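Annotation source Swiss-Prot lists domain 'J' at 14-76, citing sequence analysis. Positions annotated as domain 'DPH-type MB' by Swiss-Prot: 91-160. The Zn(2+) binding site annotation in Swiss-Prot covers 114, 117, 148, 151.
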């Protein structure tokens, strides 16, 4: 389990939501929001506040420290991926062939543990799948969309054709 994120709390109470800021905010935005939230939720002014001073302070300490914020953002992304939420804007998480384990039998195949359900090697495809089902991506590469065999997660895999001339 990630140290900062409980899966059940992801969407309702992220540190960004506690302070009322967006993930792209800067330190000045964080400091300003922190002061506003402390004043708005101070027990003397608002005894029924749903946001506690402790959660405001924890959010501030995490987001104001660049290293802690990076760790928090990484854990937030991993937690969101486990739940299968869209983080790329087109509805699919994007991976590259290097993210997969390659097995060479009669035909090359690529395998990956599902980032959502964590089932081992449940996302898989073969070289023939790349040839038959890959589509050009407009950036001199190709995409293929594959599904986990254990859950409903679909992902996009980016890959590039290797020219034999480049290898010589």
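Just so you know, glycine gets a Cβ as well, placed from its N, Cα and C.
Among the listed binding-site residues, namely 117, 148, the Cβ with the most fellow Cβ atoms inside 10 Å is that of 148. Mapped onto DSSP helix, strand and coil, the domain 'J' (14-76) counts 42 helix, 0 strand, 21 coil. Neighbours of residue 151 (Zn(2+) binding site), defined as other CB atoms within 10 A of its CB across all chains, total 15. Note: the domain 'DPH-type MB' (91-160) comprises 10 helix, 31 strand, 29 coil (DSSP; helix = H, G, I, strand = E, B).
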